[in-house]
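According to TrEMBL, the feature transmembrane segment maps to 63-81, 87-106, 113-131, 137-157, 169-188, 200-223, 230-250, 256-279.
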């Protein structure tokens, strides 16, 4: 499984060079006479890339299990919001992390403490949020998810410190950061008077800042590495960002059932992909350690089963 992961990472890391090869091939061919060759070449590249990604999915669980879990998450949330059963959605959100941990520890005996802490904080946030009408629990929920995001940022900073960008890419990242910062400022400025509790306002703004930093770091790491893990982590962050934005919209602007359902679905999908990321990270760590030492002792900073 770990070998499959490494092979998939190497293949995906080279997808940029494959795109360049496609462009050069198109330029060297006549538009009409050799069009079918271009289509075939693109199809082969797409199939190769797709299969390499699917090998990563197979490492944790079969495709049918993935399909069933995602279908259940989507179906239960849609049924809950369409028929006015909020309890069903809350129960679904609560069982996602325990189910994912069962699958994880069934295949993998170790998990880095930082990742386990992130999942526990996310679970506590969902648990506290499920109790409506309690301001104190709402603060605990916001604090827990904010702490989880801060830990994710520290994890990404460890990967970001060795990254070097060319001038154009750096300016592109700065431009994206400035635009997103302005949009977030405009969004919070329009609703800040709606917050009656200054603590909730501070936690909500801090959560937005954390999401902004997460998105920036994930995108920067992806541009520099273009590996399977960087793509996966960027997808995780996108799920969390869009989920929280929809949650904010339903809370402050309009309570639309479709937004609420998509918010829950994206949150569960992000958690699912995050566990997959952790699994791949642990597999890669095992291969690295095994190549350095024949007999490995369990590190003290790992959670075991």
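Glycine is no exception: its Cβ is also placed from the backbone N, Cα and C atoms.
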- Can you name the far-off residues of the same chain, 6+ from the ends of the transmembrane segment (256-279), with a Cβ under 8 Å from a Cβ of it? 56-57, 59-60, 69-70, 73-74, 77-78, 80-82, 89, 92-93, 96-97, 100-101, 103-104, 107-108, 111-112, 115, 118-119, 122, 229, 232-233, 235-237, 239-240, 242-244, 246-247, 249-250
- Query: Same chain, outside the transmembrane segment (137-157) by at least 6, Cβ under 8 Å from its Cβ: which residues?
  - Reply: 114-115, 117-118, 121-122, 124-129, 131, 197, 199-200, 203-204, 206-207, 210-211, 213-214, 217-218, 221, 233, 237, 240
- Query: Who are the chain neighbours of the transmembrane segment (113-131) in space, where the CB to CB distance is under 8 Å and they lie at least 6 residues beyond its ends?
  - Reply: 90, 93-94, 97-98, 100-101, 137-138, 140-142, 144-145, 147-148, 151-152, 154-155, 271, 274-275, 278, 281, 301-303
